[in-house]
Amino acid sequence: MTSKIHGGRGGPWVVVFVGLVQWFLGFFFIWASVVGLIAPPPVPLMCLFVFLAGHSLPFFNTANVVTAARNFSHYGGTAVGIMQGFLGLSGAILIQLYHAVCGGEGNPATFILLLAVVPTFVIFLTMPFVRVYETVTTSEKKHLNGLSVISLIIAAYLMVIITVENVLGLSRSMQILSFILVLLLLASPLLVAVRALREETQTLSPLDRPVLDTSALLDPPSLKLLVCADLDHVVVEDSNILEAMSTMNFWLLFVAMLCGMGSGFATINNMRQIGESLHYSPVQLNSLVSLWSIWNFLGRFGAGYVSDIFLHKHSWPRPIFMAITLSIMAVGHIVVASGLQGSLYFGSVLIGMAYGSQWSLMPTITSEIFGIRHMGTIYFTISIAGPIGSYVLSVKVIGYFYDKVASEHDNSCFGSQCFRTSFMIMASVAVFGSLVASVLFFRTSKFYKRLVAKRNSK
């Protein structure tokens, strides 16, 4: 919510800068504490450092997601999917940086220092370019497709590198070379941006220049009211948080995310322990955890891109894809619960992609149903559902049933029975979330048809 308030005062870059300061201070003081640069802080102070580092993320996310949804309003799913997709890949990219810098002789303190310095430097250089544009060009889909292809290439390359590194290992020189290739791939979207800028400067009038006004991010041109004649409710664009929370649509979206993000978080938190209970080797476990970011990316990007296609071609309401992906997540939970050979690999692919999908579908649906102006506040209020669901499922479900079957001697458990009941319950939770999303689909079907008609008429 704080990040939304800052966005209204200075534009997107101010939101990024506030997050940047928190990020650097948080990770720098964590590193200073670990290496002894400062006296060992008391636990509350260390918790403050961790809080600053974690609290910075919503600022970056708000600036990027809201700006992308505003700049590419006709293809918000694709734009937000790309933004969220790279967020999913960021962990894998930072790990590649760590391997390139430290090789096999690094230590956790070095990684913390890299987290403090490298993202801070990159974000500081790029934050002035986070702007809001009031133009909608006919070629924006072409440029988004170019960025989409590059994103998929980067994800595929990281998947190959991660697999080879975990299975065969890489020499020091190969680690450095592979990371240089990652950097070149990460720089390649600049080619798309340069091409788009060249085309637009040849066609746009002086009135269609970038909007640098400090309130542009959150002040759309007009307030519109869309009424669905066959439904006993009204969808009001640019609702504030209180107005949004007074609607059924908000709570349907919140409950769906409680089920989807909650069970996804719970799976992430327990994946290594599940693998150990099934006698997976350290190499298999490392590959499993490392590749999660790839499946997460595919879900984040794919759900946004595919939902845009079906929205524009067939006027399919975006919530139907939330219902579909939550059903896929339920299948993934059942696969993991089976305990069959390779079930954790296949199940993690389904769960990872379905979990990632929620992170692109939810903010896009939020911007369409409730509008852009207060999107940051509403988006992160709904995101609270993820940690709540994760706590309930991780502690009250997975932890409870694990303790019931674990050995009293050392609290260890081996075999599929350790997590079978928990994942069957989480499968049921995901199915319930899919049903809730289906209700939202039926409630907003006429709204989305009117939305597509309005966009096509422009």
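Backbone N, Cα and C define each Cβ position, glycine as well.
If you look up TrEMBL, you'll see 12-31, 43-63, 75-99, 111-132, 144-164, 176-197, 250-268, 288-307, 319-338, 344-365, 377-402, 422-442 marked as transmembrane segment. The annotation domain 'Major facilitator superfamily (MFS) profile' is assigned in TrEMBL to 248-458.
Packing against the transmembrane segment (176-197) from elsewhere in the chain are residues 93, 96-97, 99-100, 139, 143, 146-147, 150, 153-154, 157-158, 161, 170: each is 6 or more residues past its ends and has a CB under 8 Å from a CB in it. Remark: the transmembrane segment (344-365) contacts the transmembrane segment (288-307), by the rule of 3 or more CB pairs under 8 A. Counting same-chain residues at least six beyond the ends of the transmembrane segment (288-307), those with a Cβ under 8 angstroms from any Cβ of the stretch are 76-82, 84-92, 95, 148, 151-152, 155, 158-159, 162-163, 166, 268, 271-272, 275, 280, 316, 318, 321, 325, 344-345, 348-349, 351-361, 364. At the 8 Å Cβ cutoff, the transmembrane segment (12-31) and the transmembrane segment (319-338) share fewer than 3 close pairs (sequence separation 6 or more) and do not count as touching. The stretch from 75-99, 111-132, 144-164, 250-268, 377-402 that makes the most Cβ contacts under 8 Å with the transmembrane segment (422-442) is 250-268. Put simply, of 43-63, 144-164, 319-338, the stretch with the most CB pairs closer than 8 A to the transmembrane segment (377-402) is 43-63. Long-range contacts of the transmembrane segment (144-164) within the same chain: residues 72, 75, 78-79, 82, 85-86, 89, 92-93, 96, 170, 178, 181-182, 185-186, 188-189, 192, 195, 287, 290-291, 293-294, 297-298, 301, 305, each at least 6 residues beyond the stretch ends and with a Cβ under 8 Å from a Cβ of the stretch.
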